[in-house]
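Single-structure report; data block below.
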């Protein structure tokens with residue numbers, strides 16, 4: 001299978017998952033602001049899930065344009081990652097209906113962490129298939145560590161303080177994973193320019 005086919009397959013599945021997210025949004029009982037406000041946990045959960053999946057998609061494309069080949073491990077890790085991602089419409093609806101439930105928030109976290117870990121394994125498989133350890137370099141390990149630490153802190157705060165804090169941790173981790181690589185790349189470019197002088 002070519003890289004382009006796998007990328008197209010992944011794009012299609014993620015697009016379907018993100019479309020199902022919006023189709024699962026509950027409709028207001030009446031056409032007024034009060035009815036929409038009553039569904040705020042649904043809109044909030046949808047927003048977190050949509051942007052988290054979107055950030056993951058952007059990060060994948062930022063890394064995948066540099067790879068040249070894939071192997072069976074890359075294909076299977078992609079399928080495993082998509083399997084866990086396909087639970088997002090279900091778990092988002094579940095957590096929307098039980099927003100302050102610790103169990104619902106932990107279920108959401110389990111899916112997020114499973115997607116994160118399978119995505120990390122996918123990155124390693126891609127690096128090995130291309131005879132490179134670039135996906136495992138120090139800066140990427142720091143980014144993955146920061147992502148998992150933020151999610152772990154969110155779980156602890158959800159257990160001991162307030163369950164929905166978990167979702168704030170998920171979106172914060174998504175922001176870190178999205179923006180920290182750009183900061184690290186800029187820093188590395190500046191260091192490269194200084195070394196070249």
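Quick reminder: no glycine exception, Cβ is built from N, Cα and C everywhere.
TrEMBL lists 7-23 (among others) with the feature transmembrane segment.
Within the chain, the transmembrane segment (43-62) has long-range Cβ neighbours (under 8 A, six or more residues past its boundaries) at 7, 10-11, 14, 17-18, 21-22, 24-25, 36, 85, 88, 92, 95-96, 99, 112, 115, 119, 167, 170-171, 174-175, 177-178, 181. Sequence annotations record features per position, and here TrEMBL assigns transmembrane segment to 43-62 (among others).
What TrEMBL lists as transmembrane segment is 74-91 (among others). Within the same chain, residues 1, 6, 9-10, 13-14, 17, 20-21, 23-24, 49, 53, 56, 107-108, 111, 114-115, 118-119, 121-122, 125-126, 129 sit at least 6 positions outside the transmembrane segment (74-91) and bring their C-beta atoms closer than 8 Å to a C-beta of that stretch.
Annotation comment: TrEMBL describes 103-122 (among others) as transmembrane segment. Long-range contacts of the transmembrane segment (103-122) within the same chain: residues 52, 56, 60, 74, 77-78, 80-81, 83-85, 87-88, 91-92, 94-95, 97, 144, 147-148, 151, 154-155, 158, 163-164, 166-167, 170, each at least 6 residues beyond the stretch ends and with a Cβ under 8 Å from a Cβ of the stretch.
Marked as transmembrane segment by TrEMBL: 143-161 (among others).
What TrEMBL records for 167-184 (among others) is transmembrane segment.
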